[in-house]
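The domain 'Major facilitator superfamily (MFS) profile' annotation in TrEMBL covers 7-425. What TrEMBL records for 12-34, 40-61, 73-94, 106-125, 156-176, 182-203, 247-265, 277-298, 310-330, 336-360, 372-395, 401-420 is transmembrane segment.
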């Protein structure tokens, strides 16, 4: 029996704290990288350290949480986040010591300094121990009934969005004080330490644990069989079997294009804002906070209204088209147009992303959801790494033209969305639930 008596709110608070700390770095990382000797390409590489190492550490931490317990792994992950911010703070306090001057045809000209090296180490270590989100999902699945799960994960999404609203805003406000970017990093250290205390004293260990993927529920006998490798459960699908399922490959390709475009944007935009728009960390922080706030509004009441009247496929098509307009506006690059683009980003993403997740969840049968979601996570991780690295390279050669490349990725999503038949009436399914072909 699931422990419904355990409150979900301490875990929501832990998730909020983790997101808050993670988003604090968004407004000023580009300024630090350039101050410590880097360029746009090096900034992209620094930003990619977190997802690269999370791809390595995330599955391992998830597996450990099945074996040793959710709370222990959450605690370990939060300790890693705390240590990574201490390393980051150290980078800001030590002298800027040159290690080597680099003039490369690929990476451009930059100076590798000791603080820049420590920033790379900090971001990599945080990613390696960054299993908070996946373990939090599993924890909430352990303590909630099936009928309540949609509501609980909705609250988890709200806590994440709130973290992305307050994090950049807090960083922007603190960075304009006489202490500069040091104060937001000190805040991140304190916030991550608060997360350690909260996990220690407010988050109990569930008495029973399901599999790491909360979407796949098995009884204790099945769990023991899977540990021993003797289970014949139908949800044990290989990577190739998943992508051969009817309609799945198109959806996974959409996932890949979305995250490729997003991460090209998230690498290029801070460089564009700093160099072309001459924004400071405060302005950039407020921009990201405004974007997150608009997303909360669109994904809340606006999407709730629209989803009752239009199919998921129609909302996916509409959202991807509107998001393309956002990237086209960013290409023109004035302050006014950039702020106007916020609305198109929020409306486009707010309609597109939840609709895509809904389509994916309805495409495969329930017993295949874990396998399908696992493969989609791999596509997302790969696209994030490529996008973050490529975004820096592209901006160094194309400048604001990089946003047209990101827009082209989303335009690909718009074209692929017609395979979902957006003109079908709401409630009709385009893709059948079948075993892999």
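Cβ from N, Cα, C; glycine included.
All annotation found in TrEMBL is predicted automatically rather than curated by experts.
Comparison of 106-125, 156-176, 277-298, 336-360, 372-395 by number of C-beta pairs under 8 angstroms to the transmembrane segment (401-420) places 372-395 first.
For the transmembrane segment (247-265), the partner stretch with the most Cβ pairs below 8 Å, chosen from 156-176, 182-203, 372-395, is 372-395. Contacts between the transmembrane segment (73-94) and the transmembrane segment (336-360): absent, as fewer than 3 C-beta pairs lie under 8 angstroms at sequence separation of six or more. Confidence for the domain 'Major facilitator superfamily (MFS) profile' (7-425), expressed as mean pLDDT, is 82. When each of the listed stretches 156-176, 277-298, 310-330, 336-360, 372-395 is scored by C-beta pairs under 8 angstroms to the transmembrane segment (40-61), 372-395 comes out highest. Highlighted: of the candidate stretches 182-203, 277-298, 310-330, 372-395, 277-298 has the greatest count of Cβ pairs under 8 Å to the transmembrane segment (156-176). The stretch from 182-203, 277-298, 372-395 that makes the most Cβ contacts under 8 Å with the transmembrane segment (336-360) is 277-298.
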